[in-house]
Amino acid sequence: MSHQTPLLQPEEQHKIKTPLPWRQLSIILFLQLTEPVTAQAIAPFAPQLIRDVGVTHGDESRVGYFVGIMYSVFYVAQALTTLQWNRISDHIGRKPVILIGLSGISASMFLFGLSKTFGGLILSRALCGALNGNSGVIKSMMIDVTDSSNMAQAFGFLPLPWMTGNMLGPLIGGSLSHPADRFPRLFGQSTFLKTHPYFLACAGPALFTALAWLVTYMLLQETVPTTTSLWSLIRNRCRTILTFEHTKPPQLDRSNSDTVQGPPDDSKPLPLSALMTPHVLIATLTYATLALFDIALRSLIPVFYATPVNMGGLGLDPPRIGNILAVFGIANGLFQVFFFARLHDRFGTKVVFTCGVASGVPTIIAFPIINTLSRTYGIGATVWFAVGLQLTISIALNMCYSCGAMYIAAASPNRASLGATNGLAQTVAAFVRIIGPASVMSMFSFSVRDPSHAWAVYYFMMVLALLAISVSFLLPRQMWKRSN
């Protein structure tokens, strides 16, 4: 009998489907709102904030550089800590880790609004990233509350909070910054808001996160069956380290313990070394190449739209770019909700994943075609049709994240190590998200500066797309099944 068995038998897909646990799932989706709301709330005023703290010394060309550093610090801190938070969630439970993450987000947003120096901004963003491992833990919790029959349906709803948060965040941040100037009747007499013009824009998302903390504490149910306290976990780790230093085990026993022939104990989280199985490495590699290509593409699109036509772009103004991306976000979220589960049940996880990353090829080819059309016909119906077609094709790419999460869940050596396995994939993805935007923006700048290499950025993007497609062929057509 093959070691790979389907996640669902074909005859079961339409007959037996466990109802979604809506009470828990709705709370999980609500919690996911906090990350996009807080991240996007600072986007509208981030350039002006950098000017106000004086770190650029009036050099407008350096504003984007310092904004980039401010954003990157969050991702670096998150990449360095997300694996540990996910591993800890396997021991002390998902709920305590989520509560710690929400506390960190709320505190860091208050600190961000009070900061008057660039160092304060960096510290608050680093704190937010370091204490926030919630994205991976929430995905683990979604897997905990679902099974193979309804997991695709549940993950189809995951883009909804991101879509909503990406719309609400900029609205909150943009409307509540400089409240003394915008709403003089309400806040015109407030000396505090005049000296801290961005505090209210940060306090709104911070208070929303505090509300999410209360909802989690009162309503969210723990999904890890056996947990230990954080203090007990720290004490046991210290005891293990001290014991190892003073009494090293015999080499023969160690080799025997490392060679696990039987199935692992499903009730105990495994050490990190035991997670490095071929299934976990394949699932992590495919998730990382997907994240690298996707973040590079999402970084390139708005810059391409804003670049003048004669320099290879589309020459659109910021409000129009914002409207295009907002419409795309809504369309993408609705498509995932209504069609992802159906496509998954019809074609299977691997087909949806591979077709999703393959959609990157025509998406890349569309960039020079759109520029050529704009040069020839101007910004008209033909160009708008091409832009709409490009973004519509790229929607398929977003389905890959849900498929990737399912492969990661199936690759976990046992259910008690699901958080650590998910955390490993999220950590690798976080690191590639740091280098993705920088690399593609460097290639785009090179393409713009030298007309003889105008297509260099598209060749680079095509390499990333083909890499993701090639790695996707390592995935099994039928989902892995844990031996236990």
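The backbone N, Cα and C atoms fix where each Cβ goes, glycine too.
Automated prediction, rather than curation, is the source of TrEMBL annotations.
Look at TrEMBL and you will find 24-479 tagged as domain 'Major facilitator superfamily (MFS) profile'.
The annotation transmembrane segment is assigned in TrEMBL to 63-85 (among others).
Here the transmembrane segment (97-115) has Cβ contacts under 8 Å with residues 31, 34-35, 38, 41-42, 53, 85-86, 88-89, 121, 123-125, 127-128, 130-134, 137-138, 141, 196, 198-203, 205-207, 209-210, 212-213, 216-217, 220 of the same chain, all six or more residues outside its ends. Positions annotated as transmembrane segment by TrEMBL: 97-115 (among others).
Per TrEMBL, the feature transmembrane segment maps to 198-220 (among others).
Packing against the transmembrane segment (321-339) from elsewhere in the chain are residues 156-160, 162-164, 166-167, 170, 301-302, 305-306, 387, 391-392, 395, 398-399, 402: each is 6 or more residues past its ends and has a CB under 8 Å from a CB in it. Annotation source TrEMBL lists transmembrane segment at 321-339 (among others).
Feature annotation from TrEMBL assigns transmembrane segment to 351-370 (among others).
Summarising the annotation, TrEMBL assigns transmembrane segment to 382-411 (among others).
Taken from TrEMBL, the feature transmembrane segment applies to 423-444 (among others). A Cβ distance under 8 Å defines the sequence-distant neighbours of the transmembrane segment (423-444), meaning residues of its chain 6+ beyond its ends; these are 68, 72, 75-76, 78-79, 82-87, 89, 133, 135-137, 139, 272, 275, 280, 283-284, 287-289, 291-293, 295-296, 299-300, 303-304, 404, 408, 456-457, 460-461.
Per TrEMBL, the feature transmembrane segment maps to 456-475 (among others).
Only sequence-distant pairs (6 or more apart) were considered; of these, at least three Cβ pairs between the transmembrane segment (456-475) and the transmembrane segment (351-370) are under 8 A, so the stretches are in contact. Sequence-distant contacts of the transmembrane segment (382-411) (same chain, six or more residues past either end, CB-CB distance under 8 Å): 7, 139, 142-143, 151-152, 155-156, 158-159, 277, 279-280, 282-284, 286-287, 290, 293-294, 297, 314, 324, 328, 331-332, 335-336, 340, 343-344, 349-350, 352-353, 355-357, 359-360, 362-363, 366-367, 369-370, 373-374, 418, 421-422, 425, 475, 479-482.
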